[in-house]
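Here the structure comes first, spelled out in structure tokens, and everything after it is commentary.
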Amino acid sequence: CVPGIENLPCELQRNFQLMRELDQRTEDKKVEIDSLAAEYIESVKNMLPAERVEHLKKIQSAYSKCKEYSDDKVQLAMQTYEMVDKHIRRLDADLARFEADLKDKLEGSDFENPGSRSLKKGRSQKDKRGSRGRGRRTSEDDTPKKKKLKGGSEFADTILSVHPSDVLDMPVDPNEPTYCLCHQVSYGEMIGCDNLDCPIEWFHFACVDLTTKPKGKWFCPRCVQERKKKK
């Protein structure tokens with residue numbers, strides 16, 4: 001469970017409500033500007049210079065308010081995007097950890113079930129030939145895994161069958177944030193750099209030569225070089 005994810009709908013609803021209020025304030029100001037402009041055009045010939053300046057200041061002030069409301073709306077939209085993106089990144093990281101844990105448990109089940117050994121042995125050569133070059137998918141099709149998960153086997157197969165190349169072949173949202181040294185979107189197993197000032201933050205396992213999550217703190221290649229320079 002991702003901390004705070006249950007509050008996301010309420011936070012989004014609040015932000016969208018604030019945006020609507022800012023829109024309404026802007027529309028009200030635009031009506032006021034139209035009224036002031038019409039009044040100025042109608043009475044400008046009979047106004048004293050000081051009165052003209054004062055009237056123009058009112059119009060200028062109303063325009064400034066409109067700009068202020070628009071800037072607030074843009075800032076609120078950016079905050080909303082960052083808030084959603086933060087939760088997406090947390091979910092991606094949790095999904096990667098879940099996938100790794102699930103894979104470890106499924107691999108462990110092969111040793112717990114003696115009856116699965118003979119079955120797996122008969123399929124091993126075929127599986128190896130069929131999964132050559134795929135790395136983390138070498139034992140996805142083992143029947144004991146499907147027995148272990150019972151009704152959830154199809155879901156597990158779907159998760160474990162996702163490969164980075166499959167993700168990269170999918171249409172990419174231009175607004176989707178990119179990560180890692182490869183500047184690609186998030187997919188598969190990823191690890192976060194423990195340097196709080198890391199400009200990239202998240203990395204794909206394959207791009208940093210990892211197959212499992214290391215114990216303790218982990219720093220990306222760039223941050224390691226920076227730390228060496230400081231020493």
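Cβ coordinates come from backbone N, Cα and C, glycine included.
Keep in mind the model is a prediction, meaning the values are calculated, not measured.
Per TrEMBL, Zn(2+) 1 binding site is recorded for CYS180, CYS182, HIS204, CYS207. Residues annotated as Zn(2+) 2 binding site in TrEMBL: CYS193, CYS198, CYS220, CYS223. If you look up TrEMBL, you'll see 177-226 marked as domain 'PHD-type'. For 106-150, the entry in TrEMBL reads region 'Disordered'. Look at TrEMBL and you will find TYR179, MET190, ASP194, TRP202 tagged as site 'Histone H3K4me3 binding'.
Sequence-distant contacts of ASP194 (site 'Histone H3K4me3 binding'), defined as residues of its own chain at least six apart whose C-beta falls under 8 angstroms from its C-beta, comprise LYS217, TRP218, PHE219.
Annotated pair HIS204 (Zn(2+) 1 binding site) and MET190 (site 'Histone H3K4me3 binding'), C-alpha to C-alpha distance, rounded: 4 Å. Helix, strand and coil counts under DSSP for the domain 'PHD-type' (177-226) come to 9 helix, 8 strand, 33 coil. The two recorded residues MET190 (site 'Histone H3K4me3 binding') and TRP202 (site 'Histone H3K4me3 binding') have their Cα atoms spaced 6 Å from each other. Within 10 Å of TRP202 (site 'Histone H3K4me3 binding'), counting C-alpha to C-alpha distances, fall the following of the binding-site residues CYS180, CYS182, CYS223: CYS180. Cα of CYS207 (Zn(2+) 1 binding site) to Cα of CYS198 (Zn(2+) 2 binding site): a span of 16 Å. Here the candidates are the recorded positions TYR179, CYS180, CYS182. The one whose C-alpha lies nearest to that of CYS223 (Zn(2+) 2 binding site) is CYS180. Annotated Zn(2+) 2 site CYS193, CYS198, CYS220, CYS223; additional same-chain residues within 8 Å of its Cβ mean position, judged by their own Cβ, are ASP194, ASN195, ILE200, GLU201, PHE203, PHE219, PRO221, ARG222, VAL224.
Within 8 Å of the centroid defined by the CB atoms of CYS180, CYS182, HIS204, CYS207, the record's Zn(2+) 1 site, lie the Cβ atoms of TYR179, LEU181, HIS183, GLN184, PHE203, ALA206, VAL208, excluding the listed residues themselves. Sequence-distant neighbours of CYS182 (Zn(2+) 1 binding site) (same chain, 6+ residues apart, CB-CB distance under 8 A): HIS204, CYS207.
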